[in-house]
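Student: The structure under discussion is supplied below as structure tokens; questions concerning it will follow.
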2 protein chains.
Amino acid sequence: MFSSEEKKAYMQAAFDQANLAKEQEEVPIGAVVVGPDGEIIGRGYNHRELDQDAVAHAEILAIREACQKLGSWRLIDCSLFVTLEPCAMCAGAIINSRIKTVYFAALDPKAGAAGSVVDLFSVEKFNHHPQVIRGLYREQGAQLLKDFFREIREKQKAAKKAAENCQTD
Amino acid sequence: MFSSEEKKAYMQAAFDQANLAKEQEEVPIGAVVVGPDGEIIGRGYNHRELDQDAVAHAEILAIREACQKLGSWRLIDCSLFVTLEPCAMCAGAIINSRIKTVYFAALDPKAGAAGSVVDLFSVEKFNHHPQVIRGLYREQGAQLLKDFFREIREKQKAAKKAAENCQTD
């Protein structure tokens, strides 16, 4: 088990990843995988628009890097920290990679597959059931997304206004 | 809509991928993505052991290649043919990539997320619902897996017997 300080540091590392996404105008979602000895062995942030790749979610990229680092597709005794509740694809990847514990910040009421829309981690028939810690730094995760979408709306408004001004010049 | 002949050819292309997996002693699962004009734009076969990558399922690889080919994460008006019912991760990737229609062969009673264990394609709250054609060449898909696992068991038996013979020599 991690101490509060450790959990805070790992989730902050996930937020650092999310901020890298934000800097590149991607929806700010970040994730890290923590290995059995407490070292961060995988990092990822949402790259969907940058790569035009439907699969390039933060969790997938962090999991792939961790597999590469360990030289194994089984991430036994590893934890994943992510700033938003995983979608079905990422929850499936977490199950497939045998990650032991998942910590996530904001809830995703539209696509969350760890309790909000479906709960894939509690499907009895699946062969792996990670422990799930919900809502660690939930407000911080939600605020990051709210700010991002507000900024996008403001930019769109400004662009529209500029276009209208051009037409009336 | 595809004709019976077209569906047969696309599913055969997915089986061709599965056979490539088999040749490399991977669990034989293959997939192809068919683009809006009927061309195969993504191919993939299970690479989990080869790459030691938990994410390297046939569908994920085929979807990533198709995104790259189209230069878009949205695989609008595309179809996916796969030799085994998708797991939760792959069903999630199909939803995320907006694939229109999914055709799969064998059912997966242990991990299938298109009806066998859960049915992610019919979750109302998700923002995309592909059409699903279940069980096209189902027997062929099931047989391929059965043969593969039988061969593995036979190899294991032979290896065990050889080891026993060595000990008694």
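Backbone N, Cα and C atoms are what each Cβ position is placed from, and that goes for glycine too.
Pasting the feature list from TrEMBL:
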type	residues	note
DOMAIN	B:5-118	domain 'CMP/dCMP-type deaminase'
BINDING	B:HIS57, B:CYS87, B:CYS90	Zn(2+) binding site
ACT_SITE	B:GLU59	active site, proton donor
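In terms of burial and nearby residues, how do these features look in this structure?
Tutor: Within 10 Å of the C-beta atom of B:HIS57 (Zn(2+) binding site) sit 28 other C-beta atoms, taking all shown protein chains into account. Annotation note: B:HIS57 (Zn(2+) binding site) sits in a coil segment as assigned by DSSP.
Taking the Cβ of B:GLU59 (active site, proton donor) as centre and 10 Å as the limit, one finds 32 other Cβ atoms among all the protein chains shown.
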Student: Let me know the most crowded of the binding-site residues, choosing from B:CYS87, B:CYS90 and counting other Cβ atoms within 10 Å.
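Tutor: Most Cβ neighbours within 10 Å: B:CYS90.
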Student: Any idea what the Cα distance is from B:CYS87 (Zn(2+) binding site) over to B:GLU59 (active site, proton donor), rounded to a whole Å?
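Tutor: One finds 10 Å between the Cα atoms of these residues.
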Student: Checking interface proximity: list the recorded positions among B:GLU59, B:CYS87, B:CYS90 whose CB sits under 8 Å from a chain A CB, in sequence order.
Tutor: B:CYS87, B:CYS90
Student: For the domain 'CMP/dCMP-type deaminase' (B:5-118), what are the DSSP-based totals of helix, strand and coil residues?
Tutor: 45 helix, 24 strand, 45 coil
Student: Could you state the CA-to-CA distance between B:GLU59 (active site, proton donor) and B:CYS90 (Zn(2+) binding site) to the nearest Å?
Tutor: 6
